[in-house]
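Enquirer: The annotation UTP binding site is assigned in TrEMBL to 127, 190, 222, 253, 396. Residues annotated as substrate binding site in TrEMBL: 223.
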C-alpha cells in the first residue's frame with residue numbers, strides 16, 4: 001500500500017492524477033495476475049482447476065478493490081425503507097398455513113454457514129462441533145431439527161454445509177455419524193483466497209502449500225462467497241434439478257435460526273410475476289446490537305448498511321436505536337434460480353470489506369471479504385421481515401453459552417424455546433470475565449449451571465467458582481479482587497447482590 005501511495009504522489013508531479021492512478025491500478029492488477037499464475041503452476045492436477053476458479057473470484061474482488069474511491073454510500077442518499085418493504089412477522093404468520101405444508105418444504109434446502117473455528121472460545125476444530133446443550137453440538141441440533149421436519153411432514157429437506165478449508169476435513173469425519181438419520185447432507189467448500197501484503201499489494205503466498213508457516217497466508221473470504229462457491233461446486237444445479245427452489249441460510253451458531261413455515265409459505269405462495277427472491281430476517285435493535293447491519297432504502301433499492309460503510313461523522317447516528325431500529329440477523333431466504341441467474345450474468349453486487357490482519361511473524365496483510373446479506377440489492381422484490389428476538393440466539397462467547405445451557409431454555413427436537421416460567425421474554429445480560437473465556441475454564445468454574453429464570457443481569461470477574469444448584473435473581477455482580485477467590489457454595493440464592501473480595505455468602 002505504501003509503494004502504491006508513494007507512486008501516486010510522484011505521478012501528480014508529472015501528469016494528471018486520474019491518468020496516473022489508472023496506470024498504477026493496471027500495473028498492480030497485472031502484477032497480481034502474474035503472481036497468481038506462478039502460484040497456480042505449483043498446483044497438482046487435482047487442485048489446479050479448483051484453485052483457478054477460486055482465483056478468478058479473487059481477481060474480480062481485487063479489481064473492484066483497486067477501483068473503490070471513498071465510502072460506498074453517500075449519507076445524504078440514505079432513506080428509511082418504505083413501510084411495505086419490511087413486514088412484521090405477525091402479519092406474515094396471520095395468513096396461516098396451507099393444507100399441504102409438505103409441498104412447500106419439498107422446495108426448500110437448509111444451508112448452514114460452517115466455515116468458522118472455535119478458537120475464540122478456546123476450542124480446536126470447527127465451531128459447529130462444540131457441545132452446547134445436553135452434550136449436543138451445533139451440528140447435532142441442526143440435524144435433529146431437519147430430521148424432525150422430515151419425519152413430521154414426510155418430506156425431503158436436505159442440509160447443506162458451506163465449509164471452509166479450516167473446517168472441511170473435521171466436519172466430513174463427523175458426518176458419518178448421521179448416516180442413518182432422515183436427512184441428506186451435502187457439503188461444499190467456500191473459496192480459498194491469498195492474503196495480500198499491505199505494502200506491495202501482492203500475495204504473501206508463493207505456492208499452494210498450507211502446512212506449517214504457510215497455513216496463515218490463506219483465508220476464507222467471508223460468507224458473501226456463498227453465491228460463487230455454491231454455483232462453482234455444481235451443487236446449486238443439482239438441487240435445482242431435484243425441484244428445490246429456495247434456500248434458508250443462517251450461521252450454524254445461531255440456535256434461533258430454525259425453519260419457519262410461515263416465512264416459507266409466504267415465499268412460495270406469491271404470483272410468479274411478483275415472486276420475492278430474497279428475504280432478510282431483521283429484529284428490533286437493543287443497545288447490545290448497535291453495531292449490527294441495518295436495512296435502508298438507497299437509490300430505489302433495499303440495501304444492507306454495515307457499520308464499516310458509515311462515514312466516521314455519522315457512526316453515532318448509525319448506532320442510534322431511534323433512527324435505525326432494526327438489524328440483520330443473517331437469517332436469509334433466497335431463490336436458487338435467482339442465484340444461478342445472477343452468477344451467470346456476473347451481476348451479483350456486494351460491497352467489499354477490507355479486513356486488516358497481522359500475521360504471527362508481524363507482517364501486515366489485508367484480506368478482501370464480502371457479506372452474504374449485502375447481495376440483497378441484486379435480487380428482485382427483496383424484502384425484510386421483522387421477526388421475534390427468539391430467532392436470533394447466536395453463541396459467539398462463553399457468556400452466550402451459559403445462557404443457552406441454562407433453564408431459561410428447553411430443548412425439543414433440536415430447537416431451543418424460552419421457558420414459559422420466565423416472566424419476561426427478553427434474555428438476561430451476561431458478562432463473564434476473562435477467567436471464563438475458554439470453554440474448558442468455564443466448565444471448571446460451574447459445578448452445575450445456575451438457575452437463571454429470574455435473572456436480569458449477571459457480571460462475574462476474577463477467580464470465581466459456582467457450586468451446585470445456585471440461584472441467581474435480579475442483578476448479581478460478583479467480583480473477586482486480584483489474588484482473592486470467591487466460591488459460591490451449593491444451594492446459594494443470590495438476589496440483587498454485589499459480592500466482592502473474599503466475602504462469605506451468608507444468605508443460602
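For all residues, glycine too, the Cβ spot is worked out from N, Cα and C.
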Enquirer: Could you check the binding-site residues 127, 223, 396 and say which one's CB has the fewest neighbouring CB atoms inside 10 Å?
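Expert: Comparing Cβ neighbours within 10 Å for the binding-site residues 127, 223, 396, 396 has the fewest.
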Enquirer: Rounded to a whole angstrom, what is the largest C-alpha distance between any two of the residues 127, 190, 222, 253, 396 that the record assigns to UTP?
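Expert: Output for UTP binders 127, 190, 222, 253, 396: max Cα distance 21 Å.
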Enquirer: Pop the Cα-Cα gap between residue 223 (substrate binding site) and residue 253 (UTP binding site) into the table, whole Å please.
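Expert: The separation of the Cα atoms works out to 14 Å.
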Enquirer: In whole Å, note down how far the CA of the residue listed as 'substrate binding site' lies from the CA of residue 396 (UTP binding site).
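Expert: Roughly 16 Å, rounded to the nearest whole number.
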Enquirer: Within the chain of residue 190 (UTP binding site), which residues six or more apart in sequence place their C-beta under 8 angstroms from its C-beta?
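Expert: For residue 190 (UTP binding site), the qualifying residues are 115, 162, 163, 164, 220, 221, 223, 225, 226, 229.
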Enquirer: Which ones in the same chain are close to residue 222 (UTP binding site), with CB under 8 Å and 6+ residues apart in sequence?
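Expert: Looking at Cβ-Cβ distances below 8 Å from residue 222 (UTP binding site), excluding near sequence neighbours, one finds 353, 369, 370, 371, 372.
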Enquirer: Taking the Cβ of residue 253 (UTP binding site) as the centre, how many other Cβ atoms fall within a 10 Å radius?
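Expert: The answer is 22 other Cβ atoms.
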